Amino acid sequence: MTVVTVALLVLHFVTRESSNDYDEPSPTQKPATTGGSGNYLLGVGRADCTGPVAEIPLMGYANPDQVGGGLLTRLYSRAFIVAEPNDSRRVVFVSIDIGMVSQRLRLEVLKELKSKYGELYRRDNVILSGTHTHSGPGGYFQYTLFWITSKGLIKPNLDAIVNGIVKSIDIAHQNMKRGRLFLNRGVVENSQINRSPYSYLQNPASERSRYSTNTDKEMVMLKMVDENGHDLGLISWFAVHPVSMNNTNHLVNSDNMGYASLLFEQEKNKGVLPGEGSFVAAFASSNLGDVSPNTKGPFCINTGESCDNPQSTCPVGGVRMDRLPLQQALHCLYTSAAQQLTGPLLSAHQWVNMSDVQVQLNATHTVKTCKPALGHSFAAGTIDGVGAFNFTQGSVEGDPFWDNIRDQLLGEPSNETKTCHQPKPVLFSTGEMTWPHPWHPDIVDVQIATIGSLAIVAVPGEFTTMSGRRLREAVKRMDVVIAGLCNVYTHYITTYEEYQVQRYEAASTIYGPHTLSAYIQLYRGLARAIAMNTVQDLPSGPEPPLFNVTSLTLVPAVTPDRAPVNKTFGDVLQEVNVQYRVGEVAAVTFVGANPRNSAENVTEHNFLTVERYTNVTGSWQVVQNDASWDTRFYWTKGSSGQSNVTIEWHIPSSTEPGIYRIQYFGHYRRLLKQFYPFEGTSAAFEITNL
């Protein structure tokens, strides 16, 4: 892990950087305020959405070899509901430990919410945002491109995420109470770098001069307390990629943003296990498109020289990222939050065909967006996760070799698409590829929700630093936050200038060079409708499709489990040591079974516990579970249905001396899809401080 995670750094408070408008802002109107304590109804909720932790491709790096092989931390959906005192209007924000929110996922969640709550929670007032961890199971998309590396639509994982999101909203709904909201913001240093500085430098010098850095270092935090001042939860938004875990990782986990959430929650929820307790903390994504947590930047393995060039290439060897140690969490923003939010709750939403948006640049010039397409540099990857073959970033010309292969297998892009996307050399013309289903979405959500003076702009992808700055200026309210990776995934959104040099982010801007201008125009329209109280006059737009596919996957079916001769499931194969010191790793290996048996057939399941013997009661007390950052659950598949499970406990310095043991919980499968629970227990071992 790197020094990234927002809650883990000293936050220095500064005033916001002032800037002139890059483009003409929308009309605004200050909302009316309401006074007094307990001016909102507030609810928070957290629910597990982990899904299968084995044999499922991880979503993020698009690496087909990066398949789940165990668990580092559980994935959670964290829901926050804000309602007006008379309960007339509500806003729901949900931050989920997943790579991104897919359209299929959102449509199924909205369907479930409608069946439970009628019109209370709707497409206009519910925001679903992915943290963008690259270490969660994939397979929850309905568009073909995402099936390629995720091996299709994987229903057990889709169901786990949908159920987790809905359950977190249920919990928040059931625990509504009067409370207050406070806003704070501060600068986070030494936590991120711009991974495409060459692209950033293409933006006008006059615009860049208004900002002191090439990343957004400001964190925005929304604090929730009840009417008596008791802590309920928080949401923070910060621009950084959760790629502290690289593309060789095979353990499901929530990466730096989820780790920050767990640390903050454990600090507030004293005496309970990770993932439990009433206080809920979400570290949500923002305009992170060109922002990396790997603060020492990329350099070449063999030469030690920087590879910070337009192509991010090395003469020999490969790219290496240095990763800095974690620092202790500090809570300056939360404890010093004093700006109270008051005022009405409002929301606006539209579906838009992003393949055909007419954009009015000025009085005389109109441009349009394009059918989706990915450029050659998309296949090059980034410094955080390089691609394959000989693709490089910054490609403004195609490669005849790869273009010919593409033409033979998938068909040649039309001249219209080629022209529309210039200077992008089109590698995959996904907007013209429809078998077995469309490869990319055309219909996209745009959405804004306001809580008093705070405007949450929910964007359907990864905006770069300068793209986010321009969008915030266009909305132009007192307090604007960009919530990233919301509602449907459309890859990246660069500025027009960044698009011209076609690094990875630009090659992945799928609707062409005027994508950002189109979004600015659309979000201005939403902001104007909110300010003028004309939201009801907004056209809802074309409804997105819900394809008739329930499960289509190349993931191998779960086969019956078998134990070795003279062994049974849960037997210990390699025992723990008799004694450990703090800072060491206790490890035990069991006869295991496929973890998918548990994930696919049990609503909630814990794979392991670490337990301490209590002399007073003569019983074992659970001190860690599989949601803890200190535990590791490794599943190793053998032959003929056999497998092993190794559990590690990285003993933290705060561990009390005493007698401990490790337990393993699983399910084995027989023929006819019969599943049987089992458990295994290590020998007792002692932990000392010496």
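Cβ coordinates come from backbone N, Cα and C, glycine included.
Just so you know, TrEMBL annotations never went through curation; they're auto-generated.
The following features are taken from TrEMBL:
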SIGNAL    1-19  signal peptide
BINDING   HIS132, HIS241, GLU462, TYR492  Zn(2+) binding site
ACT_SITE  SER292  active site, nucleophile
DOMAIN    524-687  domain 'Neutral/alkaline non-lysosomal ceramidase C-terminal'
TODO: Taking the Cβ of GLU462 (Zn(2+) binding site) as the centre, count every other Cβ atom within 10 Å, in any protein chain shown.
DONE: 29
TODO: Whole-number Å only: compute the distance from the Cα of HIS132 (Zn(2+) binding site) to the Cα of SER292 (active site, nucleophile).
DONE: 12
Open item on the list: Among all protein chains shown, how many Cβ atoms are found within 10 Å of the Cβ of HIS241 (Zn(2+) binding site), not counting that one?
Closed with: 27
Open item on the list: Quick check: which same-chain residues outside HIS132, HIS241, GLU462, TYR492 lie with their CB within 8 A of the centre of the Zn(2+) site CB atoms?
Closed with: SER285, LEU288, GLY289, GLY461, GLY484, LEU485
Task: Nearest of the binding-site residues (HIS241, GLU462, TYR492) to the residue listed as 'active site, nucleophile' - Cα to Cα - done: HIS241
- [ ] Could you tally the C-beta atoms, other than its own, that fall within 10 angstroms of the C-beta of the residue listed as 'active site, nucleophile'?
- [x] 24
- [ ] Tally every other Cβ atom lying within 10 Å of the Cβ atom of TYR492 (Zn(2+) binding site).
- [x] 23
TODO: For HIS132 (Zn(2+) binding site), list the number of other Cβ atoms lying within 10 Å of its Cβ atom.
DONE: 26
Task: Segment-level pLDDT (mean, integer) for the domain 'Neutral/alkaline non-lysosomal ceramidase C-terminal' (524-687) - done: 94
